[in-house]
Amino acid sequence: MSKAESFTGKPWFDASKDSHGYDGHLGTEPHDLAPISELIMKSMESKGLPLDPDMFSHGANPHGCGHVPRTVTNGLRTTGADFITGKNQKNNITILTDAHVDKVVIEKDGDDGLRATGVRAVLADGTVFEAKAKKEVVVSGGAYCSPNILNRSGIGAKEELEKHGIPTVVDLPGVGKNLMDHLIVFIFYETEKPGLTNDHLVYHGDAFNKTYQLWKDEKKGFLSTFPFGVFAFARLDSRLADSQLWNSAPRRAGRDPMGLTPSQPNIEFFTTECYGGPKQFDKFPTDGKFAFSIIAELFRPRSRGTVALRSADPMAVPVVDCGYLTDPLDVEVLAEACRFGNEIVMEGAGTRDIVKGSWPPEESHQKFATREDWIPYVKDNATTCYHASGTCAMGKASDPKAVVDEHLRVKGVKGLRVADCSIMPILHGGHTQMPAYGIGEKAADMIKASWGLKARS
Ligand SMILES: Cc1cc2nc3c(=O)[nH]c(=O)nc-3n(C[C@H](O)[C@H](O)[C@H](O)COP(=O)(O)OP(=O)(O)OC[C@H]3O[C@@H](n4cnc5c(N)ncnc54)[C@H](O)[C@@H]3O)c2cc1C
């Protein structure tokens, strides 16, 4: 993943230099913390999560707190577009926008083989466009859409394709199964102390207009970065030692019931430096009010969902069953994570004296004490971290659920790969943006190797 990165440090940040890349296409930099984040970091340390500044880049610490570099440079977000625009402009790539891929064109290759020879897409005006592949087709529609593209191409579970009148080209039952995501739970608090959070920069009076103008003019201020603050990983072994569900769950040797080794975190915490989040969080603190959150994120969920075809119509959106919290152990671990997060804020050395109560004020979760207290809260408030993955899972030839092999090649069809988060057989502990770039970089190297070209080091 460091291959994609061009990291720029900051004087205050103790970077793990070998863990970063310096000549990739994506600019990254550490985030300057708001005062509330400095206080939460102090609380995390006092509650047994030692500071390890660049732990989210070196990846060797499952229990501590630190800083997460952002894909931002000079006040602008860096994205996949940076690989092919500006100084990285290429003359061997054509981008067709407003083109919706219907299916991969698959033809016979010899007596019993199949080969992907192109792609059929529907353009904005409804016309059908067919692109011919000189060498290969790579599907990168993401975890919600790649399985549908394969399905419409006749690749998937035979009985499901038949329901939509699609002739089966390759009977691959794993397509669209194994949907994974990370669930997060926002826990908001109110503080009366001004100057700690960033709410005054967005919600108070005319502040948002000024903040927006500052970003437009100078690419500085609140909108020049992400509103998340400090991050932490945690193991929960000792906290779950009294859980009957945890203790009685089956496990492999050297693994916990979620399938994690002791060197892998069970959960992540991260914080917001003001109120906000997905659209359901609409109780904005206006003048004189300030709020912040600690967010608990469950790693290695046991629950699984599915992505299926709604119809053979290429424009039909997929049927997604996220399967969230269908495994009771996911609820149990996430509830324990929330309990720990609340203890950090309410008892930790940095924050215990600055919290007025829960936000919005009619809530009282700051008083929750037991795991059982948190279970209904988790069920009501858990929401996606947008880390969908796993629906075209990589696996061994002998694995009937695998969709692609270790070179990302779709089983049963030559010249066809999938390269996006759908290929993850198991969702890693972390966020998915950099792994998505990592999968792209690795796919590029594998494609080059297949065709005798040199990979970029
Ligand atoms: C709101 C949000 C916030 C996020 N924040 C973070 C974050 O802070 N940090 C982090 O690490 N990760 C974050 N993520 C997760 C990260 O962005 C994703 O995991 C990553 O983008 C997945 O990459 P992908 O290539 O698998 O799929 P995608 O990025 O989803 O790419 C798939 C592309 O295929 C296109 N497509 C789909 N079907 C078709 C079709 N039939 N024809 C043509 N095109 C098609 C889609 O439009 C899309 O552009 C966030 C995600 C979301 C949605």
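Including glycine, each Cβ sits where the backbone N, Cα and C put it.
Here TrEMBL flags Val101 as FAD binding site. According to TrEMBL, the feature domain 'Glucose-methanol-choline oxidoreductase N-terminal' maps to 142-156. Taken from TrEMBL, the feature active site, proton donor applies to His387. Per TrEMBL, the feature active site, proton acceptor maps to His431.
Remote same-chain residues near the domain 'Glucose-methanol-choline oxidoreductase N-terminal' (142-156) are listed as 101-106, 164, 166-173, 175-176, 179, 307-309, 312, 314, 318, 320, 388-392, 403, 410, 412-413, 418, 420-422 (criterion: CB distance under 8 Å, separation of at least six residues from the stretch ends). Residue counts for the domain 'Glucose-methanol-choline oxidoreductase N-terminal' (142-156) under DSSP, helix first, then strand, then coil, are 11 helix, 2 strand, 2 coil.
When secondary structure is read from DSSP and collapsed to three states, His387 (active site, proton donor) falls in the coil class.
Neighbours of the residue listed as 'active site, proton acceptor', defined as other CB atoms within 10 A of its CB across all chains, total 18. Across all of the domain 'Glucose-methanol-choline oxidoreductase N-terminal' (142-156), the predicted model scores a mean pLDDT of 98.
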